[in-house]
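To keep things clear, I will list the structure first and then write my remarks on it.
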Amino acid sequence: MRIVRVSLPVPLPQLFDYTSEDATEGDVGRCVRVPFGRGEKSGVIVAIADDSAIEAARLKAVRHVQREVAPLPRDWLELVAFVARYYHAPLGEVIALALPPGLRRADAVSDREADPLLDVGDAGRAALAVPRRPSRALALLRDLVALGVVRHSVVRALPSGDALADALRRGWIVPVRRTNPADAAGELPQLTAEQGAAIDAVLAAGPGFVPWLLQGVTGSGKTEVYLRLAARTLEAGRQVLMLVPEIALTPQLEARVAGRFPSATVISLHSGLAPGARSRGFVQALEGRADIVLGTRLAVFAALPRLGLILVDEEHDASYKQQEGVRYSARDVAVWRARQRDVPIVLGSATPSLESWQHVRVGRYRGLRLSVRAVASTLPAVRRIDTRRARLDEGLSPALQAAIGERLERGEQSLVFINRRGYAPVLSCPSCSWVSPCPHCSANLVVHLADRRLRCHHCGCDSAIPRVCPVCGNQDIQPFGRGTQRIEARLVELFPDARVLRVDRDSARTRKQWEAMLATIAAGEADILVGTQMMAKGHDFPRLTLVGVVGADASLHAADFRAPERLFQQLMQVGGRAGRAHLPGEVLIQTEYPEHPLYRCLVRHDFDAFAARALDERRQAGFPPFTHQAMLRADAPALDDAMKFLAHARRLAQDSAPEGLQVFDVVPMRMTRLARRERAQLLVEAGERALLQEFVGRWICVLRAQRLPRDLRWQLDVDPLEV
Ligand code: ADP
Ligand code: ZN
Ligand code: ZN
């Protein structure tokens, strides 16, 4: 009788012991179904032991060990253990996050879910579902062998459906590769000198762990660098993990990677996939059959036995940090993983995070530079339009209107960038100064004129637009301020012959709609685009030559110390959409603060000057990366409950705070109320990460043992992005 130690998806940090008649060391990393409370739960076996701290009579037996799929490897278990430790999250919750839902359940694989078994086919990419019913599986397999898609070296009869995965793993059945996976399709572009130098530097450093920061201006060909490095990794027979901020925004990249490596198995992993597809991709990666795993932050948890290279595109992007549940940073986890697996990692961006940029400065990361564009001869000219001296028409200056008009005459595209969707951010009454509040949040309801609704962008609640002011009865209530819909409406009036296309989360709700829009733009079937930050990332539209920026000033004065960094990144990214091919690009920024240092750096495309200056300010103010932070947040229906709990947590912290740890005051969050819950926060900070981690580890144990008022929730956020 062996003891099976199981991690379960419950909000408790401990492991659970069970007994098993037949478990062996080889079952570590397998999913298992166990009795729990009155029901059952699925978890992962993290260890096999001979004895337990629980007395034998009280131990229950496991119900089912899932042996159809390869076990999760040791290094994967170490990875999730690290994430649990670093972010102070229960291991079971980290595992639940890291594994696709279909693999988390240790049920017998049903016929419907039997798809992960065999994945071969034309070009090695088309996935093929193999039914578990032996007769059907056999017939299918014979066909595949006859077609030359797979070959098998089994002397005895072909394995039945049950044993297919095993047979594949043992190499009895081998997918036939007609070409080398690294063979690129078609002509490759001649590398620029800088691209060549960057690739040589990475290759010269060898296959071991080196963290690289590839800082390359927009359009400088960072992706080409990734692809060349990926090709070398595939040639060496190893796997590539490539992380991108939002896969819904990057179908172009997916197509480009798959097109470059037609005979490699490229799989995508992101939360938008159907559960079956996500499980199948994960298993392909786990069994070493996927060559390239392309995905959003959760792909950092793909098990990759042959991992040889990690690429993180747009490494500064905030969406790498999960903002709920286990608040991990996929970029930071990726760096840890590269070190663990001793492989190189390339973080790429035109506008690196200040953290990564500082790492290069102090020599922790190595820097690579691409300072010129690969195709366009120059970066776009960035100009400021002083809106204090301009007469705006619905937010649009005459200079911007004229520039759009010129593009129309030349048959080129323009983009008006405004990072606010809806028609107007608020509905207001000029006579009593009522503004439309969200009943559930400390936020205003946004006017959506397209479907005549008031909508909260935080909790989603939505109501009809009232005809009169609900307070004073005034009939003349007005949308106040501007969003994408309003700009769109005015552009349609100003340029009646132009095709105006609005691109935001309302117009591109599904991936299908989004892809259709991208196709419309790429085909030149839109003249003027109005878009939010959805338009800022990664796209390449050859006829887009003008970007007008409207309403950016608001972020200059935001209370969050990271707001200027985000604004600079966003403007540099969106500006980078202009003039990517052979046509010169222009960026016009409407501002009331044309002399602001941020805009002055932007005009010169001088990220380094901006970063150096911003880091100086952070050093003086004692902000990250010069300190390390953890944020404890609490929320409850009543603010007082949240504040009281945090005040108690603060006293506990002060009782055990080591020298060098700073415990701040409890404060309501900036947006205090969200979806009917009141929120408060407590920041702790230290100059040394180890000191902070050691303290938080002890603190959180004490916090977990506290009795909580009903309906109070708390979460800890290590390295919070918003403070
Ligand atoms: P980034 O990711 O740095 O913004 P991309 O990798 O998307 O830039 O490259 C921008 C454009 O330049 C793409 O259309 C790409 O195909 C092209 N490109 C990249 N490298 C080269 C090169 N060496 N020669 C010609 N075209 C290139
Ligand atoms: Zn009123
Ligand atoms: Zn709301």
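Including glycine, each Cβ sits where the backbone N, Cα and C put it.
What TrEMBL lists as domain 'Helicase ATP-binding' is 203-370. Per TrEMBL, Zn(2+) 1 binding site is recorded for Cys429, Cys432, Cys469, Cys472. The annotation Zn(2+) 2 binding site is assigned in TrEMBL to Cys438, Cys441, Cys456, Cys459.
Same-chain residues at least 6 positions away in sequence with a Cβ under 8 Å from that of Cys469 (Zn(2+) 1 binding site) are, in sequence order, Cys429, Ser431, Cys432, Trp434, Gln475, Ile477. Ranking the binding-site residues Cys438, Cys456, Cys459 by Cα distance from Cys472 (Zn(2+) 1 binding site) puts Cys438 first. Cys441 (Zn(2+) 2 binding site) carries neither a helix nor a strand DSSP state and counts as coil.
Contact annotation for binding-site residues (Cys429, Cys441, Cys456, Cys469, Cys472) versus ligand 2: Cys429, Cys469, Cys472, each with CB under 6 Å from a ligand atom.
Checking the binding-site residues Cys429, Cys469, Cys472 against ligand 3 with a 6 Å cutoff on the Cβ atom leaves no residue at all. Counting only same-chain residues six or more apart in sequence, the Cβ atoms lying under 8 angstroms from the Cβ of Cys459 (Zn(2+) 2 binding site) belong to Cys438, His440, Cys441, Leu674, Ala675, Arg676.
One way to see the shell of the Zn(2+) 2 site is to take the Cβ centroid of Cys438, Cys441, Cys456, Cys459; the remaining same-chain residues with a Cβ within 8 Å of it are Pro439, His440, Ala443, Leu445, His457, His458, Gly460, Cys461, Leu674, Ala675. Here the binding-site residues are Cys432, Cys441, Cys472, and the one ringed by the most other CB atoms within 10 angstroms is Cys441. If you take every residue in the domain 'Helicase ATP-binding' (203-370) and average the pLDDT, you get 93.
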